[in-house]
């Protein structure tokens, strides 16, 4: 029994990062600590071994074969960030919209890897829009992991920047929680609503809670309300112990008229409208000011 237990620990340790990736769900008690439902195709894709993958496909392995929890070889290639392997699988008919037991799509997995070329490839074979019934959002995952290029790609394909997931919040809120400064800036510039977070908890609440001074400063520059209260009646100032953030919140002065106008125009235009500002025939300097260039 001890031998079996030890062997199980080896397997769990080896694939621990994948349990984290897909939520750690086990479809059957018989499969606990085992990967017997995986095929050599899955292993080759995960490890980025192009030649073995090509050989297995030529031998007739089913490109769409999924494990009990719905993981396909394409998911594996995307998790590993292996562009050429994913391209080969797609050329052989892999389903770019396949969904795992935990709701992860190949696009979600590609965003986890942070490979923008791979994300772009998957987007040519699938929709960028996130199904309402899935909790695994590619945009949120890219934002949480600091993959700015992936965030930009998704938004350029029309993904809703202010999509709020239950108990998770918006992508901006997630980026503030992990202090991903570049992603926070990118999301704000590309039209994220600075007040949309998780329920009444705003991105500024999140940034102050985790001591994100740079994030808090960016949020204030884009019009965040430092007096807003969450469901517990707390303001961002109430949630921080960071002295630099406290100083920032307490000394923030009255905004200039030009700033107020910029925020008002940006909110009126929204995410889609910001992409069409060139049609407004504004002076070059004013156009750049509006877009924070």
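Glycine too: its Cβ is placed from the backbone N, Cα and C atoms.
Bear in mind that the values here come from a model prediction, so they are computed numbers and not experimental data.
According to Swiss-Prot, the feature domain 'SOCS box' maps to 244-293, an assignment based on sequence analysis. The repeat 'ANK 1' annotation in Swiss-Prot covers 36-65. If you look up Swiss-Prot, you'll see 69-98 marked as repeat 'ANK 2'. Sequence annotations record features per position, and here Swiss-Prot assigns repeat 'ANK 3' to 102-131 based on sequence analysis. Residues or ranges marked as repeat 'ANK 4' by Swiss-Prot: 134-163. Among the features that Swiss-Prot reports, repeat 'ANK 5' is placed at 167-196. Among the features that Swiss-Prot reports, repeat 'ANK 6' is placed at 199-228. Annotation comment: Swiss-Prot describes 232-259 as repeat 'ANK 7'.
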Same-chain residue ranges lying at least 6 outside the repeat 'ANK 3' (102-131) that approach it to Cβ under 8 Å: 21-23, 25, 69-70, 72, 74-75, 78-83, 86-87, 90, 94, 96, 137-139, 141-142, 145-147, 149-150, 153-154, 157-160, 163
Distal contacts, the repeat 'ANK 5' (167-196) - CB-CB under 8 A, six or more residues away: 135, 137, 139-140, 142-148, 151-152, 155, 161, 202-204, 206-207, 209-212, 214-215, 218-219, 222-225, 228, 266-267, 269-272, 274, 291-292
